[in-house]
Amino acid sequence: MAKAKFERTKPHVNIGTIGHVDHGKTTLTAAITRVLAERGQAEFKGFDQIDNAPEERERGITIATSHVEYETEKRHYAHVDCPGHADYVKNMITGAAQMDGAILVVSAADGPMPQTREHILLARQVGVPYIVVFLNKADMVDDEELLELVELEIRELLSSYDFPGDDIPIIKGSALKALNGDKDELGSEAIVKLMDAVDAYIPEPERAIDKPFLMPVEDVFSISGRGTVATGRVERGVVKVGEEVEIVGIKTTTKTTVTGVEMFRKLLDEGRAGDNIGALLRGVKREDIERGQVLARPGSITPHTKFKAEAYILTKEEGGRHTPFFNGYRPQFYFRTTDVTGIVDLPAGTEMVMPGDNVAVTVNLITPIAMDEGLRFAIREGGRTVGAGVVSSIIE
């Protein structure tokens, strides 16, 4: 069969299934493809195809992830599902699979369990902005009051992590019934309801090009008679010739004007998200700007040294540390294009962190870096990656 052409007519949204082990995340993923395949909006993927997820390496970390894609009337979705709990943790922290929203799967028979809680916390920490709940295995609970209690418990749990628990859609159903072709209320009807809720409740993400301009500086050189050029890949937004930008991070923030934009040795009027450009900067000396700083729309990003983060520490097998680390650990933090030394504070009651752990830490950098919440970083020792993290909140 010929490969169908990817139609770019519908808006694209990235989602994923999260939740406790054996609550039915993979079964639900398979059920969604089955129900939508009947409408010609997906290719059916069986449980085993999704469960035997290939391992991928993201920033030196091995993660098993399954990717499926499907469409609804309104949208095109890319959906990630992970076989193991550790894979979820790694995925969410590294941003390997950036989620615009998530489907939290909770078994009606068990209610929220430890990993339910941990995945909600992670979603909050790493900036997964929206959650829709699928209350699975609802056919195993005969007591309507019990179902209502579980639903209430889920709403309270979501609210305790600053999600709008009262407003979040909760759809009851049985992923297994739907996967087996049952057309009743808990079977494929529930899947249709779920996808309607995802369509309606999870908004389209803001595209990189619509965000304020930011370009990490990778290299700097001077062109005699013309001035200083900073090169890098535009991360977001657009910069036009003649616009004012700020140089942020490492040193005191300064303003300059972009007097030229070059790409592949051609002069352009503007540089856009995704472009590798050279920006000619007015009145900037070669020594005023360095790798690790960013060019950004004035006022859109500020430099910081102290922040809270969620981090995953690589195992020995992944090429990480062989031993635990303790409070006051001083590795390098690699942000965008450069390493900065930082001191790690562990949470109260945590004596040490073992390879393979994930942990909430407070970090104090020795030099300021341009950052906002959600920024990803690597933790390195002498150029070797030993962990990955994401900024969850900025302190100063």
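From the backbone N, Cα and C atoms, a Cβ is placed for every residue, glycine too.
Residues or ranges marked as GTP binding site by Swiss-Prot on the basis of sequence analysis: 19-26, 81-85, 136-139. G19 (GTP binding site) carries a strand DSSP state (E or B). The Cβ of G19 (GTP binding site) has 27 neighbouring Cβ atoms from other residues within 10 Å, across all protein chains displayed.
For T26, the entry in Swiss-Prot reads Mg(2+) binding site. DSSP assigns T26 (Mg(2+) binding site) to a helix in the three-state reduction. Shown in sequence order, T17, F47, I50, D51, S66, D81, P83 are the residues of the chain, 6+ apart in sequence, with a C-beta less than 8 angstroms from the C-beta of T26 (Mg(2+) binding site).
Sequence annotations record features per position, and here Swiss-Prot assigns domain 'tr-type G' to 10-206.
Proximity of distant same-chain residues to the region 'G1' (19-26), defined by a Cβ-Cβ separation under 8 Å and at least 6 residues beyond the stretch ends, is recorded for 47, 50-51, 66, 81, 83-85, 104-107, 110, 112-116, 119, 134, 136-137, 175-176. The feature region 'G1' is assigned by Swiss-Prot to 19-26, with similarity to another entry given as support.
Nonlocal intrachain contacts for the region 'G2' (60-64), taken as residues 6+ away from its ends with a CB within less than 8 angstroms of a stretch CB, comprise 53-54, 82-84, 87, 90-91, 94, 96, 312, 314, 318-319, 378, 385, 388. Taken from Swiss-Prot, the feature region 'G2' applies to 60-64, supported by similarity to another entry.
Swiss-Prot lists 81-84 with the feature region 'G3', giving similarity to another entry as the kind of evidence. Counted with DSSP, the region 'G3' (81-84) comes out as 0 helix, 1 strand, 3 coil.
Within the same chain, residues 23-24, 27-28, 105-109, 147, 172-177, 186, 190 sit at least 6 positions outside the region 'G4' (136-139) and bring their C-beta atoms closer than 8 Å to a C-beta of that stretch. Per Swiss-Prot, region 'G4' is recorded for 136-139.
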Quickly jot the same-chain residues contacting the region 'G3' (81-84) by Cβ under 8 Å, restricted to those at least six beyond its ends, or write none.
16-17, 21, 25-26, 29, 50-53, 63-66, 68, 91
Could you tell me which of these binding-site residues, K25, H85, has the fewest other Cβ atoms within 10 Å of its Cβ?
H85
Considering every residue in the region 'G4' (136-139), what is the mean pLDDT value?
98
Taking the Cβ of C82 (GTP binding site) as the centre, count every other Cβ atom within 10 Å, in any protein chain shown.
25
Within the region 'G2' (60-64), count helix residues (DSSP H, G, I), strand residues (E, B) and coil residues, in that order.
0 helix, 4 strand, 1 coil
Can you tell which of D22, A138 has the least company, meaning the fewest other C-beta atoms within 10 angstroms of its C-beta, among these binding-site residues?
D22
